[in-house]
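Engineer: Attaching a single structure in structure tokens format; questions to follow.
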Amino acid sequence: MTAPKRTPLFDAHVAAGAKMVDFAGWEMPIHYGSQLKEHEIVRSDAGMFDVSHMTVIDISGSDAKAWLQQLIANDVAKLPFEGKALYSGMLTEDGTVVDDLIVYLTSYGYRMVVNAGTTDKDLAWMDSHKAGFDVSLNVRRDLAMLAVQGPNAIAKVCAVKPQLADAIQSLKVFQGLPAGDWFFARTGYTGEDGLEIMIPAGEASNFFNELVAAGVAPIGLGARDTLRLEAGMNLYGHDMDETVSPLQAGMGWTIAWEPASRDFIGRKALEAQKAAGVPMKQVGLVLEGRGVLREGQKVVVEGVGEGIITSGTFSPTLKHSIAIARVPAATGADAQVDLRGTLTAVRVVKMPFVRNGKKVFE
Amino acid sequence: MSNIPAELKYVASHEWLRLEADGSVTVGITEHAQELLGDIVFVELPKVGANLAAEEQAGVVESVKAASDVYAPIAGEVLEVNAELEAAPELANSEPYAAGWFFKIKPANAADLDSLLDAAGYAKEIGA
């Protein structure tokens, strides 16, 4: 067994009182005292997450665009200007999900961010699909990454980086900009406004401490999970993986079907799935009574069939349980969940559950 | 390091017991247990009047992270449950040995308490 890896912010987390746990081979903060309080800080003010365990890959070469157009299901041709971001799945030939990722258009080509736990297989997958393309990959282990999220996140980052305030404030949603060796993007995984910031590793701790001084609270992975779940966002390895089609995981919107001539990996399988009829769909579940919906619990839809909860939690914002589930396509507004042996009625809703601090489902 | 009050009795499933002056026994979960669970969001308590066997399930505690059963550490009749805890489950995090108590039990056999862990025994149990 190899020792867990540490991000450049490890010492800063310990100094801030973090409880550290092993996450995908990395020693990461799960919380700094109370996960619920941290969740509420991100919904009402500003918090920051160390996401340096995720992997930044810079892609260059004369075939970078053509290579990405066959590698991922969304189409980088949709990126109209430098800094613009695109969310996509990277699929197997069978039309299941190798990983989900973000890709930015840059001056030298593209910058991609992939999940920590999937990094090794992602890189192996990319390498095995490079033949015939003039493309080179540069894995940026020299960068740390901080997500600063919440209604006051951008203002507080600007207070720390006044020389960049105008540029940061000009960013539209899902858009990034380089600033020297740094990169600021108005993206996130919480359903709040905010930034994801890539930082040279040696400058990360200092920036972290400046943000603490500016009133940005460190937030652990625990709250990151409840925040993304309220926002209705998938977590790789839970809501989808190499056994699940993006069409059954709420990722249909990330597949660029046009132009029909773009033969991305997994396209034929997805077309066959669509022609045959997709049997399952992703929905949100709401339990307004007592109890907590959890990953792996069985969903029973009377007269229709069965499904499964892929992520579930107590929603700190809503004060009741919510879940993401994969259920039969014919599922209507009602379902039941096997809650520790008791079939319990739940409501089936359209996600997200929470956006910008507010409940959004009916 | 977890607080393990010397005057209480313990079981390995992380419940504590306090013998009250009237012979009843108050039961809760230890500080170590609440640390493992993280933020507690629901508790389910036994019915008043229920007769529980030792190690019988007496309730459920659900945190953001996990659901965990609560067991009757000794046999007896449930005399009272902590309604305040049902309304404010976070009390089990903030005051596990005080306002965060779970239920009171009338022991079927008062001598059952003698065989349970003392603070040193529980500390050893959890590797503290």
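Glycine is no exception: its Cβ is also placed from the backbone N, Cα and C atoms.
Among the features that TrEMBL reports, substrate binding site is placed at A:GLU196. TrEMBL lists A:9-258 with the feature domain 'GCVT N-terminal'. Under the heading domain 'Aminomethyltransferase C-terminal', TrEMBL lists A:281-354.
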Engineer: Please list, for the domain 'Aminomethyltransferase C-terminal' (A:281-354), how many residues fall into helix, strand and coil according to DSSP.
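Structural biologist: With helix first, then strand, then coil, the domain 'Aminomethyltransferase C-terminal' (A:281-354) has 0 helix, 46 strand, 28 coil.
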Engineer: Mean pLDDT for the domain 'GCVT N-terminal' (A:9-258), rounded to an integer?
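Structural biologist: Mean pLDDT for the domain 'GCVT N-terminal' (A:9-258): 97.
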Engineer: Would you count the other C-beta atoms found within 10 angstroms of the C-beta of A:GLU196 (substrate binding site) for me?
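Structural biologist: Summing over all protein chains shown, A:GLU196 (substrate binding site) has 23 other Cβ atoms within 10 Å.
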